[in-house]
């Protein structure tokens, strides 16, 4: 409904504007058709650079004289026009162009108004070369006859060069002039008027601060009033009031400032129902009218400029308007035109003129850093008298400086802290200083009169009677030769103006020196005095605090070219009062180390809602936010019915319903206890009918379930557990008994809380009564901080475009391992043909986070660079970016802010028309791969999880791949999250491959063996000493089994359903430890083998003592395990069948203390226990042998028995605790390190083999790692625009031309194919009967004449060799005829 109404407002505005103001099609080029006399300039450089050559696309261009101190180009449009755009070019084929300029306009050549762009910036950007046309479409259309362009900067390699185009249309002006005692009224044609929509529009200009512009009213309290108060425009409107309506209808809105500047200001009011717009000079203020009515009921007339007749008594305190009003439009009726025509429905009060009679004071604009105006005076007079008028916003500035004659000293008038300070310094005497006035920097005109003569001085401000300041002091006055207004020139020694005051910035007029009015026209043309950096006949003051760029009710204070914001008592901070001062929840205070108490929170951050005070119940694991209200005590209700129910509104302390709703919406859990007691009063009545009583929650939604129940069902708590008094009912109170019953419980559905009203409707019977009781709202948690989403390649989320007006702040956390990607981007409509506004935050490189934007000043970016670490380290990083009219800044984590101040008068309007992309740039370019969470834009959290779509590559949360992997990591591989996929870390396994599923083995020839040193003798001694002190072995705790705690761990060869007993959890590697990690209280051994020979030793672990471990094949081909722990050996027969069948076999042995777990192939897991006489430790492991034992020292005879001739076959997947010798041998890059080369030795031929094992699954290549990957619906992105259309037409034209040429070539070359033409005469028919031809004469044979045929010409027979006959000698010879047979 809201969007429909706003659309209707815009539609009404367009229709009314098109008919009443001529906007439609107002785009004519106005300079080209003008005569040469309409183009003028301050000067010209040469004969072919005069103003007449300044037309757009002309053969030359205008250039002023070198040294012209105030160059300008002026256009006389011959009549008033509406102007909508201006375009510039440089001088043709030259290095002369203007880079910045000012646009002035007016109705006469001696009074100019600067055009201010949005942001109160009077400077337009110009050209960068001599040929390109730079066009500026103005944000509002103004009316003028004269246009003046003032160049401010130009190409430093050339000079000023300009060609100009102005776009608009003719404008019909109907002007009414009021002198303060005049007024007119317009009577409706059909008496009273009633309307759903209205449009009021007009233009005005004045020098007064107060005045009534328009007024109309009705008998039912309806009225519309537009007036000036303090040079601000005020709109008062009401759609009526009624005693039965609870809300008053009066609404007042304000716009603009310093509107008494004698410039035309355009006003427009659009209303549709209660939705309304107030437009002033292009700035639109949208608002909603108070009250409940939607139609405007007016009596029979509208008053313009004041009140007429008896209506004056209604607004007797209002001043009539003094100034000019133009084209007053009411609902497509031009009242001003009717007044000019003296229509019968127009009533006049006083002498209303039909042309402007405003004075022309010729002001001077002081806007430069070293501006001044110097005028001569009458020297050596005994009385110094100066007067002038000024207006400014600045607190300080030099108003006047004059050096006294005869070296007596000087006189200074300066503005300081809003008052005029006078300083008279004389040689040999104490300086005289005094002040006058108060708050003279208010932007209005103030008149200063200063007189100094012998022994006394006097100054008066604004000719206020009795307010002048008189000072008696011994003075000797002799006037000097020069008076400096607005500042001192540089260097001061040359001009004799020595003042340490800053230059004055503002406007001055009516300068008088020694009682004589200064002729400023002579000053402008250098015929009197001197000046620098000033503009004549214009005043460029503007109200930079209207509209107010200080947010959250911050106070705006302005100077000549800037403004500042004071944010005290607002709850916000920053240059525009945008940044929240308080934390968003009690949970944030808990995390910062606070204790329970009252705190101020701001749930929506920098959003529009105000902060408020709550009680924070801070506990160890959570913080409860408690919001109290005015219904904490029992409320009794009687006499209510369903027709006239009781409305129990809940007013929360220190907060509105919207602010409390924002708290609940941001919380993880909320609850509110509600209790309803009844005496002969019903609650719900039936489960399907409309209830007697209910409660209203967030967004004014009605809810029919009560405490302890669930949303969507019309029940109380007893209705869920079937414990109501009457089992057939769903609430205790529905029993309707003459005794007190109660339904109570907690309301816990967050999206419905808080409770805002309780409606009770069944207490109108005799002796019936109801009571309700509501406890405070209690919430905890923060569901916005962990609103997380994961992105895969090419995925992105689309949200509605940013609507941020003048400020935008973005904050979010990201986590990624990708080197680059765009976090978010929003593009807007084009500024011009080649540029579009945008805002983008991205990870540009692994060490750079960039905030890039274009708000109209070109591409700009801020970069946070990291030297100490990379941002793609798979850790969470906080990004905060902010942009407003004062500055742009960026911060990552706790690094310092990267800040860039905006140029003065920068305007930002961050309302885009394209979708906001999260996770990529527009059209899914430069996608981000990783996780984002807690993304906020101006305090509003984007629901990332709610937009997650697995089919498009986005998933909620930042984990999940390793929790439920598609293929697990085998053999103890560690699962590593990679956002759009996962990888398996196989470093601690004896396998490789994507899922640690590829066997790494070696084929052992007879006599081949491998040794891997587990530790040196020195480390063994250290280990023994550590064991004696009962300290944990470096790297692992007792009972460690590698991979046991790894997500996705699948024990190799343990078979289905295998689970290790609950022994102590493994330890973690010690940082900095680099040697092989061992464990004396347990081992885990796994490997595969295949062989056809026996006996052999497959694996042997030796020690520096007599302990060892061995797995061997006996003579009969069976597999045996031998342990030597302590003094006595332990022998276990692993298989009873031979394993020398040439097939792969797997072995997995795990020992934990005296418990031994064994699995061979896929046979069931067996468990063995060592005797208590056997030690539980494998002391001082020394080396690991594969294929054959080549250990020195004493070796068990049984091992020696099976050690010769050695193993012949294949071993793979060998792992002893964390040692994988075959993987180390085959996968370590060459050359090896010296330490590793010393630890590992191979004797004989050992070649890599997987021993015939097949991988468990076919590995897949993730999209990010596949260079040839394309998504299923890979789009083609292009941004060629209209260039692509032109290229398409050009290619089509060339193809058509080529086809046409081929067709013509074909027709030309095959036109006569198969035929020939001759010049033979037609055959002569004889007169013989039957039409037979005569016989040929005797002699040489002749070819018969061809017989005519309609479709074929027969080929003649070849002539004989003797040549043609006599009759054929005159015929043309044909090539075929000349050939012989």
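Any Cβ shown, glycine's included, is placed from N, Cα and C.
Summarising the annotation, Swiss-Prot assigns disulfide bond to 26-169 (among others). When secondary structure is read from DSSP and collapsed to three states, residue 26 (disulfide bond) falls in the coil class.
The domain 'F5/8 type C' annotation in Swiss-Prot covers 26-169.
The N-linked glycosylation site feature in Swiss-Prot is assigned to 121 (among others). For residue 121 (N-linked glycosylation site), the Cβ neighbour count at a 10 Å cut-off comes to 16, with all displayed protein chains included.
The N-linked glycosylation site annotation in Swiss-Prot covers 129 (among others), and the record cites sequence analysis as its basis. Within the same chain, the residues at least 6 positions away from residue 129 (N-linked glycosylation site) whose Cβ sits under 8 Å from its Cβ are 90, 97, listed in sequence order.
Annotation source Swiss-Prot lists N-linked glycosylation site at 277 (among others), citing a large-scale study or a structure entry. Secondary structure at residue 277 (N-linked glycosylation site), taken from DSSP and collapsed to helix, strand or coil, is strand.
Note: residue 356 (disulfide bond) has non-local neighbours 107, 175, 177, 205, 324, i.e. same-chain residues 6+ apart with C-beta under 8 A of its own C-beta. Taken from Swiss-Prot, the feature disulfide bond applies to 324-356 (among others).
The N-linked glycosylation site annotation in Swiss-Prot covers 421 (among others). The Cβ neighbour count for residue 421 (N-linked glycosylation site), using a 10 Å radius and every protein chain shown, is 19.
Residue 539 (disulfide bond) has a Cβ environment of 25 other Cβ atoms inside 10 Å. Look at Swiss-Prot and you will find 507-539 (among others) tagged as disulfide bond.
Counting only same-chain residues at least 6 apart in sequence, those with a Cβ under 8 Å from the Cβ of residue 519 (N-linked glycosylation site) are 528. The N-linked glycosylation site annotation in Swiss-Prot covers 519 (among others).
If you look up Swiss-Prot, you'll see 545-556 (among others) marked as disulfide bond. Within the same chain, residues at least six positions away from residue 556 (disulfide bond) with a Cβ under 8 Å of its Cβ are 544, 545, 548, 549, 550, 563, 564, 565. In the three-state DSSP reading, residue 556 (disulfide bond) counts as strand.
Summarising the annotation, Swiss-Prot assigns disulfide bond to 550-565 (among others). Under DSSP, residue 550 (disulfide bond) is assigned to coil, being neither helix nor strand in the three-state scheme.
For residue 577 (disulfide bond), the count of additional Cβ atoms within 10 Å of its Cβ stands at 27 [all protein chains shown]. Look at Swiss-Prot and you will find 567-577 (among others) tagged as disulfide bond.
In this structure, residue 665 (N-linked glycosylation site) is part of a helix by DSSP. The Cβ of residue 665 (N-linked glycosylation site) has 18 other Cβ atoms within 10 Å, all protein chains considered. For 665 (among others), the entry in Swiss-Prot reads N-linked glycosylation site, with the evidence type sequence analysis.
Every protein chain shown contributes to the tally, and the Cβ of residue 764 (N-linked glycosylation site) ends up with 16 other Cβ atoms within 10 Å. Taken from Swiss-Prot, the feature N-linked glycosylation site applies to 764 (among others), supported by sequence analysis.
For 805 (among others), the entry in Swiss-Prot reads N-linked glycosylation site. Classification of residue 805 (N-linked glycosylation site) by DSSP places it in coil, neither helical nor stranded. Neighbours of residue 805 (N-linked glycosylation site), defined as other CB atoms within 10 A of its CB across all chains, total 15.
Residues or ranges marked as N-linked glycosylation site by Swiss-Prot on the basis of sequence analysis: 844 (among others). Secondary structure at residue 844 (N-linked glycosylation site), taken from DSSP and collapsed to helix, strand or coil, is strand.
In the three-state DSSP scheme, residue 421 (N-linked glycosylation site) falls into the strand class. Mapped onto three states, the DSSP output places residue 545 (disulfide bond) in coil. Classification of residue 969 (disulfide bond) by DSSP places it in coil, neither helical nor stranded. Secondary structure at residue 169 (disulfide bond), as computed by DSSP, is strand. Of all the recorded positions in the list 421, 567, 764, 861, 1210, the shortest Cα-Cα distance to residue 969 (disulfide bond) is found for 1210.
Residue 764 (N-linked glycosylation site) sits 59 Å from residue 931 (disulfide bond), taking the C-alpha atoms as the reference points. Within 10 Å of the Cα of residue 996 (disulfide bond), not one of the recorded positions from the list 121, 507, 577, 1251 places its own Cα. Distances between the Cα of residue 931 (disulfide bond) and those of the disulfide-bonded residues 567, 577, 962, 984, 1210 are shortest for 962. When Cα-Cα distances from residue 861 (N-linked glycosylation site) are compared across the disulfide-bonded residues 539, 567, 986, the shortest belongs to 567. Distances between the Cα of residue 986 (disulfide bond) and those of the recorded positions 26, 121, 539, 1251 are shortest for 1251.
Taken together, the residues of the domain 'F5/8 type C' (26-169) have an average pLDDT of 92.
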